[in-house]
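What Swiss-Prot says about this protein:
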ACT_SITE  GLU91  active site, proton acceptor
DOMAIN    97-326  domain 'Radical SAM core'
DISULFID  CYS104-CYS331  disulfide bond
BINDING   CYS111, CYS115, CYS118  [4Fe-4S] cluster binding site
BINDING   GLY158, GLU159, SER190, SER213, LEU214, HIS215, ASN289  S-adenosyl-L-methionine binding site
ACT_SITE  CYS331  active site, S-methylcysteine intermediate
Amino acid sequence: MKNLLDLSYDELVSEITSLGLERYRADQILDWVFDKKVNNFDEMTNLSKQHRALLKEHFTIPFLKLLEKRVSKIDGTTKFLWELEDGNTIESVMIFHPGRITACISTQVGCPVGCTFCATGMSGFVRNLTTGEIVSQILSMEKEEGKKIGNVVYMGMGEPLLNYENTIKSIRILNHKKMGNIGIRRITISTVGIPEKIIQLADEGLDVKLALSLHAPTNFKRDQLVPLNRKYSVEEILNAIKVYQMKTGKRVTIEYVLIRGVNDEISDAKKLAEILKGLKVFVNLIPVNPTVAGLSKPSRQRILAFKRILLENGIEAEIRQEKGSDIEAACGQLRLKRKVSSP
């Protein structure tokens, strides 16, 4: 049987009509799934019993199994631990802002990148998520909380561009007006920098936002923080960003986790401003969050000095206010909390 959440709109219409159902039945099914959060064909009462029985023979609509939910006492940020059908686990986060709700979703079980300041990488890599598993995080959170998600950031567990096809397909599903109906400009992909995939993304015709997790201005320092940098250098990544901007004209957010004594020197700030010169970027400075790595954030004075250097050199920058750090839901804190099975 096929997972209905793996299917694009056109694929679903094709599947439905091949079973002898009218085309408009696809819209009825999607209304039940995406609007009403119903994943049981028996509850789809505007379909005949015969049609429901037929659909059950061919499709499943698996929402995720909730294992644990933690709510921040500081800001209401909510973290969900989900179990997948094969017993593996992932985490997703719902973040509340005035007038909007943002979901932070995962694209892989674990992560192959292994950033030294990130808890996810410490768990190792198990497998890519399917398109349906990515989409189901949104539906499962909305069903659990009874609230509509308006913004999505692909900043959870995993590197989205190393699960490229499923990530892109999930974005198209979440954006489709008869499916997720989330505005394309309200969707952000965060990447450590896979040059060929950044350029491929530019050709997709998707008006998503792109965030680059840079974290260091030199290869020497970035090699230590982001091991994948040994394969893709800072220069290669920034060249890909240049091509991306030539093709799309879009500004790119640069994410920079500040770690005391590692990448927070004034010389780091000056070098960062130098390598970003000429690019259309905005820098998010993120004081490192507590993880088992034992790294610590710089002093407030040092963070402000770092930001000031960037501003003085014409680089827009802000200090990101992290949400959910008390429940390990902030940047770099998501991880596998239970034993995982091998692929």
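From the backbone N, Cα and C atoms, a Cβ is placed for every residue, glycine too.
Features as recorded by Swiss-Prot, highlighted on the structure.
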residue	record	Cβ contacts under 8 Å, 6 or more apart
CYS111	[4Fe-4S] cluster binding site	CYS118, THR120, GLY121, SER123, PHE125, MET157, GLY158, GLU159
SER190	S-adenosyl-L-methionine binding site	VAL153, TYR154, MET155, PRO160, ALA211, LEU212, SER213, GLU255
HIS215	S-adenosyl-L-methionine binding site	CYS115, PHE117, ARG222, LEU225, VAL226, GLU255, TYR256, VAL257, ASN263
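CYS104 (disulfide bond) sits 16 Å from ASN289 (S-adenosyl-L-methionine binding site), taking the CA atoms of both as reference points.
Sorted by the number of other CB atoms within 10 A, the recorded positions CYS104, GLU159, SER213 start with SER213, the lowest. According to DSSP, SER213 (S-adenosyl-L-methionine binding site) sits within a strand segment. In this structure the alpha carbons, written CA, of GLU91 (active site, proton acceptor) and ASN289 (S-adenosyl-L-methionine binding site) are 17 Å apart. Residues belonging to the domain 'Radical SAM core' (97-326) score a mean pLDDT of 94 in the model. Of all the recorded positions listed here (GLU91, CYS115, CYS118, GLY158, LEU214), it is CYS115 whose C-beta has the fewest other C-beta atoms within 10 angstroms.
As a whole number, the greatest separation of Cα atoms within the S-adenosyl-L-methionine-binding residue list GLY158, GLU159, SER190, SER213, LEU214, HIS215, ASN289 is 19 Å.
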